[in-house]
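Trainee: Sharing a structure, written as structure tokens. Questions coming.
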Amino acid sequence: MSAATGHHFARPGNRFWPVLHASGFTPRVLRPDEERELLTYGLGITNVVQRASARADELSDEEYREGGRQLAEKVTRLRPLWLAVVGVTAYRTAFGERAARIGPQERLIGGARVWVLPNPSGLNAHWTPQAMAEEYARLREAAAAGQGPAAEASRPGPERGRRTGPREGR
């Protein structure tokens, strides 16, 4: 659906836009065709892998690694303070961080602090919208406070036991 519309997270039922709003990043739920409005809130959006797919597992590890390399170049060029990657499996594959978990990372990419967020796809049903919004809000609060990954990792966060399954989606 995203490829057909030309907008990120456009598949009906994808929870990205409601979660982004519930976490406090946007003052209202944006529609996928309003993604450019994110710039007014100091946010940008892009893909790790540019090829459209219905599911993350349709993309090869090589595509993720090449996408990670290109994203690191983009971050180095544009110099954001934070890089949020949606999907822990995508992050692990794209950046070779097999032990990565949801949350702040110690690693910098292109000088930016890195936070891995849960994938809002409906296929990632073990993360509830509320739990995702809490994790997204942790990033927003850390960015607003100017905290780095080490400081944020040591801060008590919301209970993460709200997931109902062991697998984190791409």
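For all residues, glycine too, the Cβ spot is worked out from N, Cα and C.
Not measured: the values here are computed from a predicted model.
Pulled the feature table from TrEMBL, pasting it below:
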DOMAIN    2-134  domain 'Uracil-DNA glycosylase-like'
REGION    141-170  region 'Disordered'
COMPBIAS  142-156  compositional bias 'Low complexity'
COMPBIAS  157-170  compositional bias 'Basic and acidic residues'
Trainee: What average pLDDT does the predicted model assign to the domain 'Uracil-DNA glycosylase-like' (2-134)?
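Mentor: Mean pLDDT for the domain 'Uracil-DNA glycosylase-like' (2-134): 90.
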Trainee: When the domain 'Uracil-DNA glycosylase-like' (2-134) is classified with DSSP, how many of its residues are helical, how many are strand and how many are coil?
Mentor: 56 helix, 18 strand, 59 coil
